[in-house]
Amino acid sequence: MKSMISGISSKIVESKKAKIFLLGTRILWIITTIIYIVLFYFITNKYVSLSEDDIDEYNIKGNEEELLKDDKIFNNYYKSYNKINAICGTFLILLCIVNIISSFYSKLNRGYMLYYKRMIGFVSLHLQLLFIAIMFLQNHENELFFCNINKYIYWFEDYDNKTDLFINSGENLCKVHNYSYIFPACFLFFSLIEFVVLYFKIEKHFRKKFLIFYIKMGTGIMYLALFYIFLKSKSFYNNILSEYNIFTLDDYSDPIKIIIFATQKQKMYYFQLLLVSTVSSAIVFCLLGYFDIYTIMKSCRFSLLVNIPISVFTMIVVFSQLLFSSYILETSAFFCAYEEFIEIHKRDQKASNKMIAPSNITETDWFCNLKSFDYIYFTNISTCLVIFGSDFIVSLYLVFSKKYAPKTS
């Protein structure tokens, strides 16, 4: 009797310690998020503001003091970064508060309310991954732009002798974005703690299935975050870069004209294909992830059985996507070799040494720098293929194994 009482009391103590640890982690997450939003708002704002020395050195007039902030291209990056940090950071804080309330609200531990408490945990984990992925990719997009600012000097030539201001600001912001990866990495670490807590609350025979759900949901979330980046990039390309990409081809040969016109069409196809692929994949994989959660929560054998043909069909679709992604990577490689390709044809046509359509070459360099997102897209597809293959094997085992037959209904 004494051993039973001591065993129960030790479990209560361990439970309290776990709650205190989780509470501390979530409070630390909230504090870290607030620091990230505020700190990087002021740092980025500092580097897009002109100092007194800059105003004197470059003879900046009163109406030009917001030169960097008012520039449409700079505005697209630094403002988007701060907005995303504020929006996603706020939601991360709210999710932490929801998790804190649900863990200490005793009524949620009774009967059917426990089911809803666990669902809150799953949905919260899903949304946390989404906001972290968007913040990470937004930071990466800004890093790609500001760290390659020297390639985009053509866009700032209208400012006469003030292009150095854009270069200096870009180089400083490049360093800022290199360091700011630390915070999304911390958020991901906190999210992994939430995952581990949920993982050990799942019945042992379903833990592998839950791990697969987590990775499957992660790939769906990454597709959704990539959709946001490609949609934003397409809007930037259509509404802002189109104003800068003005040139005439009257003095050039027909082969060069064909290359340039074909490349412009390719840019639109590139975005359209990626947008359709990412949003459709995100929806399908997230829905399949929630189907997995239903299976785990209900310990439903029939759902596991249904999941087997679904996994096979999804693997076929993902494999076709993998083949399609090779076309995307090939297109990206062409954008990166575009200037060299133009130069070869220019020499063949014995054209002048004057640079052909510099605005178009600068724009295509910008497309080339999107290749990092293409590699993330390709890696995500490869991960999906592996994870759905694993899901097929695990579901097959849980359905037909005699060991787990009594544990599923």
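Every residue gets a Cβ built from N, Cα and C, even glycine.
Annotated topological domain 'Cytoplasmic' per Swiss-Prot: 1-19 (among others), in sequence order, evidence recorded as an author's statement.
Residues or ranges marked as transmembrane segment in Swiss-Prot: 20-40 (among others). Within its own chain, the transmembrane segment (20-40) has Cβ neighbours under 8 Å at 81-82, 85-86, 89-90, 92-93, 96-97, 99-100, 103-104, 176, 180, 183, 186-187, 190, 193, 197, counting only residues six or more beyond its boundaries.
Taking Cβ pairs closer than 8 Å, the topological domain 'Extracellular' (41-83) reaches residues 138-139, 141-142, 145-146, 152, 155-156, 159, 161-162, 164-166, 169, 172-173, 176, 232, 236, 240, 243 in its own chain, all 6 or more past its ends. Per Swiss-Prot, the feature topological domain 'Extracellular' maps to 41-83 (among others); the stated evidence is a curator's inference.
If you look up Swiss-Prot, you'll see 84-104 (among others) marked as transmembrane segment.
Residues or ranges marked as topological domain 'Cytoplasmic' by Swiss-Prot on the basis of a curator's inference: 105-118 (among others).
Taken from Swiss-Prot, the feature transmembrane segment covers 119-139 (among others), and the record attributes it to sequence analysis.
Sequence annotations record features per position, and here Swiss-Prot assigns topological domain 'Extracellular' to 140-179 (among others). Summed and averaged per residue, pLDDT over the topological domain 'Extracellular' (140-179) gives 90.
The secondary structure of Asn161 (N-linked glycosylation site), as reduced to three states from DSSP, is helical. According to Swiss-Prot, the N-linked glycosylation site annotation covers Asn161 (among others).
Positions annotated as N-linked glycosylation site by Swiss-Prot, on the basis of sequence analysis: Asn178 (among others). Packing around Asn178 (N-linked glycosylation site) is summarised by its Cβ count: 13 other Cβ atoms lie within 10 angstroms of its Cβ, all protein chains included.
Annotation source Swiss-Prot lists transmembrane segment at 180-200 (among others).
As annotated by Swiss-Prot, topological domain 'Cytoplasmic' applies to 201-209 (among others).
Outside the transmembrane segment (210-230) by six or more residues, the chain places 125-126, 129-130, 133-134, 136-138, 141, 195, 198-199, 202, 271, 274-275, 278-279, 281-282, 284-286, 288-289, 292-293, 296, 373, 376-377, 380, 383-384, 387-388, 390-391, 394 with a CB less than 8 A from a CB of the stretch. The feature transmembrane segment is assigned by Swiss-Prot to 210-230 (among others).
Here Swiss-Prot flags 231-272 (among others) as topological domain 'Extracellular'. Proximity of distant same-chain residues to the topological domain 'Extracellular' (231-272), defined by a Cβ-Cβ separation under 8 Å and at least 6 residues beyond the stretch ends, is recorded for 72-73, 76, 80, 141, 154-155, 328, 331, 334-335, 338, 341-342, 345-346, 348-349, 351, 356-360, 362-364, 366-367, 370.
What Swiss-Prot records for 273-293 (among others) is transmembrane segment, and it gives sequence analysis as the kind of evidence. For the transmembrane segment (273-293), the residues of the chain that approach it from at least six positions outside its boundaries are 119, 122, 126, 209-210, 212-213, 216-217, 219-221, 223-224, 226-227, 230-231, 234, 303, 307, 310, 314, 321, 324, 327-328, 377, 384, 391, judged by C-beta separation under 8 angstroms.
Summarising the annotation, Swiss-Prot assigns topological domain 'Cytoplasmic' to 294-303 (among others) and lists a curator's inference as the type of evidence.
Annotated transmembrane segment per Swiss-Prot: 304-324 (among others), in sequence order.
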Cα-nearest neighbour of Asn360 (N-linked glycosylation site) within the listed glycosylation sites, Asn161, Asn178, Asn380: Asn161
Cβ packing number for Asn380 (N-linked glycosylation site), 10 Å threshold: 23
Neighbour count (Cβ, 10 Å) for Asn360 (N-linked glycosylation site): 21
Recorded stretch that, among 84-104, 119-139, 180-200, 304-324, has the most CB pairs under 8 Å to the transmembrane segment (381-401): 304-324
Residues in the topological domain 'Extracellular' (325-380) grouped by DSSP into helix, strand and remaining coil: 44 helix, 0 strand, 12 coil
Chain residues outside the transmembrane segment (119-139) and at least six past its termini with a C-beta under 8 angstroms from it: 80-81, 84-85, 88-89, 91-92, 95, 98-99, 102, 177, 180-181, 183-184, 187-188, 191, 194-195, 197-198, 214, 217-218, 221-222, 224-226, 228-229, 286, 289, 293, 297, 373, 376
